[in-house]
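> I am attaching a structure below and will ask some questions about it afterwards.
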């Protein structure tokens with residue numbers, strides 16, 4: 001829309017003097033004037049649409065003229081804009097300029113034109129953004145523009161330090177610290193302990209076999225599956241490993257991705273509590289029954305000791321180790337149940353507030 005010409009063409013286009021002319025405004029006289037423009041109701045359009053930027057201010061001032069946003073008509077009264085900018089500014093006050101002419105005046109601190117004086121403060125850079133308003137707001141023949149001034153403060157040591165402090169990106173909080181709560185950390189430890197203890201108990205018990213013999217007779221190989229209590233212990237520990245692995249995987253999803261397999265926190269909490277309590281009872285029953293068999297193997301029944309009579313010290317020791325690990329698994333599962341109860345209490349307290 002607009003064209004930018006050199007300062008030499010200012011006198012030809014507007015009949016104004018660039019330095020020391022009659023229409024030059026001194027810095028003291030124009031200091032009180034602000035970025036305001038005269039009323040355009042009495043202006044007569046001349047068909048020109050020119051923006052002038054002086055060579056003196058091009059290096060220090062940045063003026064952005066959007067191609068599609070500047071559309072204005074009208075000049076000052078009189079031939080070639082003979083009225084002085086300061087007088088025009090005093091007579092006509094309007095917040096919407098029709099056209100802004102910026103050229104070099106007598107003072108380096110004042111930029112003036114046909115539509116009024118413009119006082120530039122001591123800033124490092126100034127950007128003018130021109131936005132065209134809808135035609136309905138300006139009528140059929142008059143078109144106004146909306147002016148926005150964006151000022152950038154000069155660089156100072158204190159300002160640069162403050163800007164550096166603001167621009168330094170804050171460290172992103174890791175997802176592990178974001179989603180992992182103290183109760184979640186305890187759940188991690190409990191689930192991992194359940195998996196490890198149950199797995200070791202299964203390995204020790206399944207590898208337990210020994211030949212049963214006496215000095216006179218060889219009865220063959222004695223294995224764990226010959227005892228129903230030991231088979232029950234293995235079955236319960238397998239179920240515990242499967243359940244604890246699912247819970248551990250869900251905790252990993254919650255910590256890393258922030259999502260859960262069960263969307264509802266109420267259903268998830270009550271489900272965890274129910275299964276924890278179920279496997280706590282199963283571990284207790286399996287461990288006590290297997291412990292009873294191990295005790296009978298050591299002490300014997302009706303005066304007959306299985307371990308000492310048939311030289312099964314290794315078999316009995318392995319069975320005792322597996323039963324002991326199963327008891328530790330029960331204690332960890334009981335701790336998980338207690339933690340689930342605590343979560344339910346916290347949840348109920350939050351709901352009743």
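Positions of Cβ are set from backbone N, Cα and C atoms, glycine also.
These figures come from a predicted structure and were not determined experimentally.
So Swiss-Prot lists these for the protein:
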TOPO_DOM  1-184  topological domain 'Cytoplasmic'
REGION    1-24  region 'Disordered'
COMPBIAS  7-20  compositional bias 'Basic and acidic residues'
REGION    70-100  region 'Disordered'
TRANSMEM  185-205  transmembrane segment
TOPO_DOM  206-250  topological domain 'Extracellular'
TRANSMEM  251-271  transmembrane segment
TOPO_DOM  272-277  topological domain 'Cytoplasmic'
TRANSMEM  278-298  transmembrane segment
TOPO_DOM  299-320  topological domain 'Extracellular'
TRANSMEM  321-341  transmembrane segment
TOPO_DOM  342-353  topological domain 'Cytoplasmic'
> Please report, as numbers and ranges, the same-chain residues at least 6 past the borders of the transmembrane segment (278-298) whose CB is under 8 Å from any CB of it.
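Tertiary neighbours of the transmembrane segment (278-298) are 227, 229-230, 232-233, 235-237, 239-240, 243, 305-307, 312, 316, 319-320, 322-323, 326-327, 329-330, 333-334, 336-337.
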> Six or more residues out from either end of the topological domain 'Extracellular' (206-250), which same-chain residues have a Cβ under 8 Å from its Cβ atoms?
187-188, 191-192, 194-195, 198-199, 260-261, 272, 275, 279, 282-283, 285-287, 289-290, 292-293, 309-312, 314-315, 318-319, 322-323, 326, 329, 333
> Against which stretches of its own chain does the topological domain 'Cytoplasmic' (342-353) lie, if we need a Cβ under 8 Å and a gap of at least six residues from its ends?
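Same-chain contacts beyond the ends: 183, 265-266, 269-270, 272-273.
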> If we skip the immediate neighbours and take only residues 6+ beyond the ends of the topological domain 'Cytoplasmic' (272-277), which ones have a Cβ under 8 Å from one of its Cβ atoms?
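Long-range Cβ neighbours of the topological domain 'Cytoplasmic' (272-277): 243, 247, 333, 336-337, 340-341, 343-344.
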